[in-house]
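As recorded in TrEMBL, the features of this protein are as follows:
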type	residues	note
DOMAIN	B:363-392	domain '4Fe-4S ferredoxin-type'
BINDING	B:372, B:375, B:378, B:421	[4Fe-4S] cluster 1 binding site
BINDING	B:382, B:411, B:414, B:417	[4Fe-4S] cluster 2 binding site
DOMAIN	B:402-431	domain '4Fe-4S ferredoxin-type'
REGION	B:464-493	region 'Disordered'
COMPBIAS	B:464-480	compositional bias 'Basic and acidic residues'
COMPBIAS	B:481-493	compositional bias 'Low complexity'
């Protein structure tokens, strides 16, 4: 009667006593893996300046996170290793103009984790998507730098390493490289009174392969969509937000274009431009800032898409994904409250279901 | 079959990639030799504890009544073997708290003498009430783990005129295979038990739900039920918690049981396959419920498998019978998803105990919790359609009323949410805590109302007494005045 199990065991705990193998860091890691092909594509198209900017942004996001944790006397290592700050910096870098100067990456990275995340209480507590908070802060504060686009040049025509460093750290982009995005061009020309039919008489400059000016990581549409489908297959995200968001952009675009093609871009141009695909699969699906019920996710995604179209079509800025996502983030708690799933044995209002007595 | 369409639509719950049921489930049933002592608890069921009818020093025989049922919802307990009653009093209960409960301790004499067998009439020719009475007398309770006494349940079924019996062969908990073992080895007994129960409840048909990860059990049950059209064997997807009555009822009948109501309200009654086998043994062979098949499994067990063990055997003796490879890091009574951690091995088994798990340190390894990232995994997993993350957030903030408003009360404590949580949050722990707090508050409220009632009664009594005193004083004064007046009048004469 004196075997070790006769006396108290080391661990008594509440059920369950089994656990699925998953953790926050594996979730983040899978998202990063899904994001990697499109990122490498961005590096390929936009060359060394994009790589430097990506590194600076990610490093700043991590530094901002670490500094806040130290100030709050929290454990730094586990929080940095969960990968959430890295992913925030990464997504921000994907949404920046690829040849933006170094301080854009640094200010943005710090802003994302310090103001966008830690000021709210850290992981899981932020109301707004930190990467989009930083992007919008930068766009509002430095509109000229944040809309200085370059065309993708591939490897041959891209600047060398030395010239790249001077682009990132020196100052401005050589004029020879600057270009305009489809959305930017449409907005500018429409504001000058030129119709879309005249502006794009040669056909719309859309590209599935991502050979177009745009943010560093938003142009590789096919690779982004493939990454998004991989996330769906790994059950990291569900289809509700991406599909609702893409339809939320496409349906009003279809209607608008059918009514007045001289004023409204078609659905294809909307989906293949800007951050529509990146936003639908990687940004709007951020767990922390989106609703958790399926119905809520449909409402949220549709809202993101519709607001993106509204801002693109009527707003002051050519691109609207970041603003749309932030606006819907603000609504997410309300959506969560209003779109609760029906509980087993209860009706939608939460009252026990009534049985229709047949006898 | 209409319900097949519904089966494919199951989206709740979890599907453990390794259910750990085999090889234990495939090992032939072993019979445990009678140990030196047995502790038969008096409370092994939902309801009032049984009342001892033997005294210390009494010699008892196998199957003899040790304690009788008290009240409507209760069940008697019987001696699992012959021996001498050495103690009636507290032993440590199989519960994480390590608190005691009352049990009858028997020093077994090793002879295993049984009560003389009596002639058993065919239960199917008896009146349903008599069948129910015999089920009650045999001490049969729900062996799936809920341990609700079977006789009052059958009565409830008659009262609600249920049409269908749902026989639960789901056994969705990982590691456990005792129901599987019963269905494989005793399919004929299970089917006969179902027929007896149909007779007792008046149900016209029975659906036996068996998870499709038990093909041998399905085949054995199909063969045994072949000649009975009213009993249908229905394979259901292996998905935890399929063995929860509400979930199984929905999968098999397409009906949801209203919140807070019993399954009988939708015309069905759920009974476990092991319960049916126990009913067969009681009504055909006069064998009261004093032994059952227990799965002994887990990483620390040398020869895992199913063991026919007397009820009240010490967990330590049971583990010694199957052997241990290493010192277990945790002992669990029941399955890993909902089972109770045991404080140590010196606790008796009970009627509802379908499994004892001796888990190794690697099996219970659980990383440190990290903040909730609102991923919604728990929402997809919850079989009740609750929002575990929202309830947990309210519990964490101490907002128990908020948790209540989120229908915490509907939570089954099945553990799916905590199982899938990537942040390793102890969600079920939080829900148990909050349920306890809410219960405590409800009790406090009741007590306050009672106290208030007493205080009001006291105030009323004091007022009444004061009034009565005042009235009495006034009366006396009036009498005195009248007397004085009378005296004065007399003096004046």
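Each residue, glycine too, has its Cβ placed from N, Cα and C.
Closeness to chain A is evaluated for the binding-site residues B:372, B:375, B:411, B:417 by Cβ distance, with values under 8 Å counted; counted residues in sequence order are B:372, B:375. Same-chain residues that are not part of B:382, B:411, B:414, B:417 yet have a Cβ within 8 Å of the Cβ center of the [4Fe-4S] cluster 2 site turn out to be B:378, B:381, B:383, B:384, B:386, B:388, B:412, B:413, B:415, B:416, B:427, B:428, B:431.
In this structure, the binding-site residues under consideration are B:375, B:421, and the one with the smallest number of other Cβ atoms within 10 Å of its Cβ is B:375. Put simply, B:421 is the one of the binding-site residues B:372, B:375, B:421 whose Cα lies nearest to the Cα of residue B:382 ([4Fe-4S] cluster 2 binding site). Residue B:372 ([4Fe-4S] cluster 1 binding site) is surrounded by 25 other CB atoms, counting those within 10 A of its CB over all protein chains shown.
Confidence for the domain '4Fe-4S ferredoxin-type' (B:363-392), expressed as mean pLDDT, is 92.
Across the range of the compositional bias 'Basic and acidic residues' (B:464-480), the DSSP-based residue counts are 17 helix, 0 strand, 0 coil. The residues of the compositional bias 'Low complexity' (B:481-493), classed with DSSP into helix (H, G, I), strand (E, B) and coil, number 12 helix, 0 strand, 1 coil. Cα of residue B:378 ([4Fe-4S] cluster 1 binding site) to Cα of residue B:417 ([4Fe-4S] cluster 2 binding site): a distance of 4 Å.
Counting only the Cα atoms, the space from residue B:421 ([4Fe-4S] cluster 1 binding site) to residue B:411 ([4Fe-4S] cluster 2 binding site) is about 16 angstrom.
For residue B:372 ([4Fe-4S] cluster 1 binding site), the nearest neighbour among the binding-site residues B:411, B:414, B:417, judged by Cα separation, is B:417.
Taking the binding-site residues B:411, B:414 in turn, the residue surrounded by the fewest other Cβ atoms inside 10 Å of its Cβ turns out to be B:411.
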